[in-house]
């Protein structure tokens, strides 16, 4: 596996050259050294930006975190009936995660299907056309998606939601409410799914195309059909890449603002009534809808919710990395 | 187990390009047949037509016939998937599935086509296949570890175990030792001698000593020049090919005068 590790018995300093030059000194002169600083600087800059954002969110969110309930419901602009910041952030986090999770659930299987079609089924010319169309989908501004989702899709798809709610009517202890306007979280999730589809497809396609021919031929030579070849060689090889792709999509779904804002009829509840209006809201759409009119402590409240979104995104990404790393031994990288 | 292969007037094309022209040969059951020849002479291409693996490349096609015990592999009602289950293949570079354990690698072919296999049958098959590939003693304590953690020679024997686990009639080997060190090569060559008791073996090799060591019959392929099709020049008992070949080109090649 790794062969670059230095032997464990190497004493520190034993391998150092006798001169005072640094390790890279003998190969780095002129532009080589400058380039080293450019790359190091770029890396450091990225961390700096991330740290700056985190500091901003914490510093400006802190007043909201430490304010008393009276202040929050007064100047803080907390909706009536709420006593603490958590009463606001909790349902928003819930709504954000629910919308993003549903979008991902809808988009990932479709994206994998499209990516496999492009990489392993379509004739070459058709594949490039479809790939191009998918990339175009990524270029549509989210405002346009919002307009389309709210004006065109919602009225049409509400019939589907009504039908599903009717089918689910048999469930005991739970009544499925449904709105006739279609301005529900389910509709928002469908639009989010369309929006994250291109990125998941594009990344998955690249990963699938990189499946070693050696492994595909190994499967075929054993008498695999095309689907079995994909199952034994392509999908296991692409697994971690597809997870990364889904996480990129999840990042976009979590942070998407305009489309949700324009489609969803919001409410701040812990509610699984995804076909009803006035139930959930996402953090990004909430901030966007309130920010223009907020002042003083209300701004701090909004920034505190933004901090929550920041934390969610980080946790989700770390979780994804943990999933990818867990089966590293079998990843094919060694 | 082992079956006889008859090839008649086989032409192999990539699109409009004629890669190999007019090959006719007979390969005896339970024997080792070696294909030798310079690079690009079409011996690997020809090998891949024996289990229809060349069809994986878009535009590849053949005319002529390849018969396995009298059944034309290119007949209208013959499924290439079924052909490849009967005629197994081992590739130039060891290619165990990296995401699978050693055990799952051996069972990979068996589990295809929705076949179910009981755990005890699977255990038995894993052991017999790995024993058949002379690998059992080296891996029996780490069957659940990934196959990619083995050495190159062990990986290649794992691939052989995987190929024979589906109980083929014929095993094709496309330069199976070219990525291996001499010790691993020796292990594979010994294994080929074992395997020929049960299977028809066809091996492509760049190494003439290897052909002389392992094969019963040897076929020499050559190419007239770049862009010209490869041809079968001569096929005979290995001893004859290396001592008194009929063709001048064969003699030049096996004596090291070119190639």
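Any Cβ shown, glycine's included, is placed from N, Cα and C.
Among the ranges A:1-26, A:27-52, the one that TrEMBL lists as region 'Disordered' is A:1-26. It is A:185-204, from the ranges A:65-84, A:185-204, that TrEMBL records as transmembrane segment. Counted over residue pairs 6 or more apart, the CB atoms of the transmembrane segment (A:185-204) and the transmembrane segment (A:129-148) come under 8 Å in at least three pairs, which marks the two as touching. Within the same chain, residues 184, 186-187, 273, 275-276 sit at least 6 positions outside the transmembrane segment (A:160-178) and bring their C-beta atoms closer than 8 Å to a C-beta of that stretch. Long-range contacts of the transmembrane segment (A:295-318) within the same chain: residues 53-54, 56-58, 60-65, 67, 71-72, 75-78, 85, 88-89, 92-93, 96-97, 247, 250-251, 254-255, 283-284, 286-287, each at least 6 residues beyond the stretch ends and with a Cβ under 8 Å from a Cβ of the stretch. Among residues of the same chain six or more beyond the transmembrane segment (A:92-117), those with a C-beta under 8 A of the stretch's C-beta atoms are 127, 130, 134, 185-186, 188-190, 192-197, 200-202, 204-205, 207-208, 230, 234, 242, 245-246, 249-250, 253-254, 260, 268, 270, 272, 274, 280-284, 286, 305, 308-309, 312.
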